Amino acid sequence: MIRMVTVTDKNRPPAPVNVTVTQLKANAATISWDVPEGDVIIGYAISQQRQDGQMQRFIRDVNTTNRACVLWDLDEDADYIIQVQSIGLYGESQASKRVHFRTLKETEHFQSNSSNQGDPMVQGIKYQQLQTGEMIIIVVVLIMWAAVIVLFCRQYDIIKDNDSNNSKEKVKPSSEHSTPERHTVGLLHSKFQKAPSINIIEV
C-alpha cells in the first residue's frame with residue numbers, strides 16, 4: 001500500500017532569513033542566508049532575475065548544508081533580485097524576502113570587510129599574489145648570483161693578466177744583463193792581445 005504524503009504548510013521547512021549579498025563584483029556576487037533551527041534542511045533553491053526581466057536563473061542544490069552560494073556570469077552594472085528557499089524532506093519552503101542588489105562597474109573596486117577574509121575567492125587571490133611575490137624574489141636572487149659570478153670572472157682575468165705581465169718583466173732584465181757581459185769579454189780579449197813585435201835591423 002502506497003502512502004501519499006500531502007505537502008502542507010506544516011510539512012514545509014521555514015523560509016531562509018537574513019539573506020545578504022557579499023563579495024559584490026562586476027560579474028559575480030556571493031549571497032548568504034540563515035535557516036531557523038528545528039527542521040531538517042537537505043538543500044536550497046535560489047531564484048535570480050534581472051530587474052528588467054531580461055534574464056532569469058534558477059539554482060537548485062540538494063544534499064548540502066551550505067548557507068552560501070556564488071552567482072557567476074552576471075552583467076556589469078545591472079540590477080538583480082534574488083530569493084532563497086530551503087529544501088526539506090517533504091518539499092520546499094516559502095521564498096525568502098526579495099533582496100535587490102546592483103553589480104559593480106569594471107572600474108570600481110569593492111572594499112571587503114573582515115567577514116570576507118575567509119571567502120574562497122579572496123583566499124585564491126591572496127594565494128596567487130603570494131606565488132607572484134615568491135617568483136619575483138627568486139628571479140632577483142638569480143640575477144644577483146649571475147652578477148656575482150660575472151664580477152668574479154672579471155677579477156680572475158685581471159689577476160691572471162697581472163701575473164703574466166710580472167713574469168714577462170722578470171725575464172726581460174736577465175736578457176739585458178747578458179749583452180754587456182759579451183761586450184766585456186770582447187773588451188778584455190782585445191786588451192790582452194799581443195803587442196806587435198818590432199824588429200831592429202843594425203847597419
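Placement of Cβ uses the backbone N, Cα and C atoms for every residue, glycine included.
Whatever TrEMBL says is automated annotation, not expert-curated.
Positions annotated as compositional bias 'Basic and acidic residues' by TrEMBL: 163-184. TrEMBL lists 15-106 with the feature domain 'Fibronectin type-III'. Feature annotation from TrEMBL assigns region 'Disordered' to 163-186. Summarising the annotation, TrEMBL assigns transmembrane segment to 135-153.
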Residues of the same chain, at least six outside the transmembrane segment (135-153), with any C-beta under 8 angstroms of its C-beta?
none
DSSP on the domain 'Fibronectin type-III' (15-106): how many residues come out helix, how many strand, how many coil?
0 helix, 49 strand, 43 coil
